[in-house]
Each structure stands twice: as structure tokens, then as C-alpha cells.
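Colleague: Residues annotated as ATP binding site in Swiss-Prot, with sequence analysis given as evidence: Gly119, Thr120, Asn121, Gly122, Lys123, Thr124, Thr125.
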Amino acid sequence: MKKITKFKDQKILVLGLARSGMAAALVLNELGAIVTVNDGKPFEENKEAQVLLEEGIKVITGSHPIDLLDEDFALMVKNPGIRYDNPMVERAEALKIPVITEVELAYLVSEAPIIGITGTNGKTTTTTLIADILNADGQSAKLSGNIGFPASEVAQKAQATDTLVMELSSFQLMGIDTFRPKIALITNLFSAHLDYHGSQEAYEAAKWRIQENMTADDFLILNFNQEKCRKLADKTKATVLAFSTKEKVSGAYVNEGKIYFKDEFIMEASELSLPGDHNLENALAAIVASKLRGAENEAIIEVLTSFAGVKHRLQYLGEIDGRKVYNDSKATNILATQKALSGFDNSKLWLLAGGLDRGNGFEDLEKDLEDLKGMVVFGQTADKLRLMAEKLNIPVFASQNVATALKEIMPQTQVGDTILLSPACASWDQYKTFEERGDLFIEAFESLK
């Protein structure tokens, strides 16, 4: 961690805990700040607040008292999940108190260079691939950010010889100021989080902030398969490298089934361990970032031919009596399920789908389901999905949840079939998180092996 004194004796409010808020509070406390933490969860149920109190940090829990901001704070570190129209945030901004997120703090304390990855889909897989490749190459890469490892906590421990490989959400990027990654990567840009940002333009503007402090000495990696991303190349001061499955570009690309970086042959596209065009894009993006950090081809090939996927993200679980089973519980929207389906032969595929009903239809999914062998539906959207399947003459069965769906569909399947959980819906009708949904599916798989 850098030896910085700017926070010493400064009164700082950390708004919202969870892991990132707790990490920020501990880092700031170590840097000599006078830290106050405010979180809405009652103290008795708030493990993070209890730990911080033991560290001598002032904690205020159970509500967000607006008069707390009368204490003349020099800075607010906001949990990224808290919206900017929150009364506490609005009051802080009215008082000219700077509001940042924890990734800005991570940048300020980090001695290590940062690879920042953002975008709508593919962030976690691409982030993990990059870190795995660099580590396979003998380098020291540290996963951090929106991937489950608080950025400031990892940055605090990182050395100058490490590389921070940081997954970044639009929520996190809205709260940066001086944040400047050495390499930034935008996987793609689609419609998402409009309930938070208010518009697609605001969402994309938040993502675009990843490069706002970069110079020509830094690198921005863009997806030239997407025209929207291609047009961004002229709007940055950073040096742009691209990836594409459709044409030769300045970074990584595919030509006649072969993957190249610039003019250098890397490997056959067919050797990739993960199925689907979207995972080919993820692999190309990871190759560009890894090559920019000096990774050798051997490390790239080793990882890309053996990578089993990130948990709950088109994760290959194994076989049950000759049937392959995949867990894609992270597919919480139609687009994610469309991308998953693109990697399989529909004629041998059974799709397990359903979940929270957000009021939308599934018409956009119909073309992707042509010739599907069968479906199992569950959750609030079960009836909508069943009607769609019947319209397309797809055999369809209803089940209570993901665990029963797998058990009940097995007698309908044949050797050589593939079973894919890719719900196309959020999990909150039956589960707290998509992780819980996926874990129960994994448990069902293990019980049937």
C-alpha cells in the first residue's frame, strides 16, 4: 500500500457496509482517518458493524439520520448499490462533500497497476481469464472489485510487482475521480440497470468513465463486433486495441477458425474449453489484455483450453449417465440466455428456465429456441414460458424449482443430450440471489451423479 497522508485526521463517512464498505472503513482507519460508518441494517444483525466497532470505528446502524452530515465530513465513501438520489448522498453533494466509491479508494492506495474490466456481459469470465493467464505465466495477478474481493482490501495488500485485475460495475465507476487503470477493457454495451441509471445513455456514460483519466500511455480494449463500441475508439485519449470475431483488427481476432494477436497465431478457436460465440469474444478480450502485460502464448493456451468457467456462468458441472449438465444461473435476463444458447445444438438441448416476473414477454427468445428438444419451466414466469414453448411446438414440463426441474426431467432425456439451466429471469421470486439458485442446482446435480 502506498504511504499516503491525505486521509490522516480527516473525518470520513462510509455509507453502506457489506464487504466493500467494511473494507473501505478498515483501510481508511489504518490510514489515520476518523471514520464513521452508517448502515441501515440493525446492529444486532450487522456482523460487519460489529467487527468495525471492535476496531474502534464509530458505527451508526438501523437508519440513515440526515443530521449525521452536520458533522463536517471531508469525504463520503458510498456503497455502489446506494443510488445517487438517496437523501444522504444528495445532502452530501449539496454540502460539497466529495462522494466516491471504494474503487477510487483502491486506486489511491494501490502500488500495483490496474487492469479494469467493465461492460454489460462477460465481465466476470473475462476478468477471471485474464488473472488466470497472468498467474499461469508466472506473474502475480490479484482478482478484485465486483467479482467478490473488495478492491480497496486487495489494493491495500498488493505490491508494485502485482497486477490488480478488477471487475468494475457502472455503479462503482460513477464514484471515481482520479481512477486510472493502465489497461481498461469494455466487453460490450447492452441495455441494463435502467432502474438505477434512468436511461441507457446514463448507463453507458457511467461505463465510459473507466477511461476518462487515461492517456496515450494507457490502453483501452474495445469490442469491434459491436458498432457502438467501435465508435468509442475516436473518443478516448488512450491507445485503442480491439478484438473481433468478424474481421482483422489491431488486437485479437479470428480468421478461418484460427485466433491471432496482431499477426501472431495463438491457437485454434475450436480448442477453447468454453462454448459459445460470447465466450470466444471473452477469450479474445483476455488475450489482448494478457499480451499487453507480456504473457507468453503457452500460458494463454493452457488457460483457454482448460478453463471450466466461472461458477454459475455457463459452468460445466459434468455428466449424469451420458447427459452433460451446465449451470448458467447468472443468466438473469433474456440476452444472457440467448448468448448461452448460441453455444449449443438445440436438437439435443433441454433448457431449464424461469424466475421473477418483471412484466416483460419472451418474444425475443423465440428465434433462439427453434428446434429445441425440450424445456422445463419454473417460478413466476413458468406460465409465460410454457405458452411460448407450446406455441413453438417444444415439449415443455413445469416444475417447482431448479432442483426438482433437474430431477424430474432426467427420465425424458437421452444419452448425448445436454441440460442447461439458463433461467432468463432474476432469482428473487424463490431465492435471495442467483448464486443460491445455482448452488441448489449444483446440489441436485451432485445427488444424481
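Don't overthink the numbers, they just go from 1 along the chain as shown.
Cβ atoms are placed via backbone N, Cα and C, with glycine included.
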Colleague: Quick check on the binding-site residues: of Gly119, Gly122, whose CB has the lowest count of neighbouring CB atoms inside 10 Å?
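Modeller: Comparing Cβ neighbour counts within 10 Å for the binding-site residues Gly119, Gly122 gives Gly122.
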Colleague: Among Thr124, Thr125, the binding-site residues in question, whose Cβ has the most other Cβ atoms within 10 Å in this structure?
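Modeller: Checking each of Thr124, Thr125, the winner is Thr125.
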Colleague: For Thr120 (ATP binding site), just count the other CB atoms lying within 10 A of its CB, please.
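Modeller: A 10 Å sphere around the Cβ of Thr120 (ATP binding site) contains 21 other Cβ atoms.
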Colleague: An 8 Å radius from the center of the Gly119, Thr120, Asn121, Gly122, Lys123, Thr124, Thr125 Cβ atoms defines the neighbourhood of the ATP site; name the other residues of that chain inside it, in order.
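Modeller: Counting only non-site residues, the set is Ile117, Thr126, Thr187, Asn188, Asn282.
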Colleague: Could you say which of the binding-site residues Asn121, Lys123 has its Cβ with the most other Cβ atoms inside 10 Å?
Modeller: Lys123
Colleague: With DSSP assignments reduced to helix, strand and coil, which class does Thr125 (ATP binding site) get?
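Modeller: In three-state terms, Thr125 (ATP binding site) counts as helix.
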